[in-house]
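Marked as active site by Swiss-Prot on the basis of sequence analysis: 2. What Swiss-Prot lists as Na(+) binding site is 159, 162, 165.
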């Protein structure tokens, strides 16, 4: 289990995620997993929660769709979600993906949905609700922070509450064009 949080703020979109991998409900198998990656010529950043093998499959599918649609993230995400919804094998995948580029911030769910957040914040994983609430609070009341600082602190707060999230946090960001 994990927590991934992405924030779009002041011309920057950032993502933060912890590195904990849990087997079952109680065994911490790893604390430094890389759940945030750059794809499509480093123009798209993704973060995932759920089964690692499932997430890698979704990453490969999204990369293929990005290649097919010349890097158009919104179109690639919709096409990926449609494939995910129609394919019985893909429907069994248990993962969620946050994807963003210099224009869009999207959540691609296991139900084949593509959502753009209302408050410029999206969070997934076992600590996702905690991170999302923390990030929205910081966006509303904490001036002077960057998107990256907000995302990282939101995951830190989630890690304080959620036993399946650790404090080994990795961040990445893209400036809007």
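Cβ from N, Cα, C; glycine included.
Neighbour list (residue 165 (Na(+) binding site), Cβ cut-off 8 Å, at least 6 residues apart, same chain): 1, 2, 3, 18, 20, 125, 126, 127, 155, 158, 159. Summary of the Na(+) site environment: with the site residues 159, 162, 165 set aside, the chain residues having Cβ atoms within 8 Å of the Cβ mean position are 3, 18, 20, 126, 127, 130, 155, 158, 160, 161, 163, 164, 166, 167.
In the three-state DSSP scheme, residue 159 (Na(+) binding site) is classed as helix. Sequence-distant neighbours of residue 162 (Na(+) binding site) (same chain, 6+ apart, CB under 8 A from its CB) are 1, 3, 126, 127, 130.
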